[in-house]
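Engineer: Here TrEMBL flags 4-124 as domain 'PIN'. Sequence annotations record features per position, and here TrEMBL assigns Mg(2+) binding site to Asp6, Asp97.
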Amino acid sequence: MGFMLDTNIVSDMVRNPDGPAMERWKQTGYADLHISAIVVSELYFGIQKRESERLRRGVETFLNNVEIAAFEGHAAHHYASIRNALAKAGEMIGPNDLFIAAHALSLDMVLVTNNSREFARVSGLKLENWLEIATEGQ
């Protein structure tokens, strides 16, 4: 089983290469990591917004070491189903989070996020918070 990283986890791993999220990845034996193209878009937006060369270098170095998953047709079907279910329940989540959740579900991956509260609304989505897991054992 692979892991799909949410933007907040990637940001932590870039900012804190010795931090809890990176430590948790090491504990998995450097498990298969994927990043949605949606997350990559959010990361590049953050770089442009902050105009930080250091951040750009850190993000690009990180991205060179993980697999970027394209958002394809199967994920689009999951998106439609999830959006419909959440809308009917009056439990919508943010638009990019909806795409990220659909992408993780479509690839049967665990979504690693520090935003479990929002993503928990998505039925069937497997979640882990590597920032909490890493600190629980200490």
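Numbers here mean position along the shown chain, with the first residue as 1.
Every residue gets a Cβ built from N, Cα and C, even glycine.
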Engineer: Counting Cβ atoms within 10 Å across all protein chains shown, which of the binding-site residues Asp6, Asp97 comes out on top?
Structural biologist: Asp6
Engineer: Looking only at the domain 'PIN' (4-124), what is the mean pLDDT?
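Structural biologist: The answer is 94, the mean pLDDT of the model over that range.
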Engineer: Can you tell me whether DSSP puts Asp6 (Mg(2+) binding site) in helix, strand or coil?
Structural biologist: coil
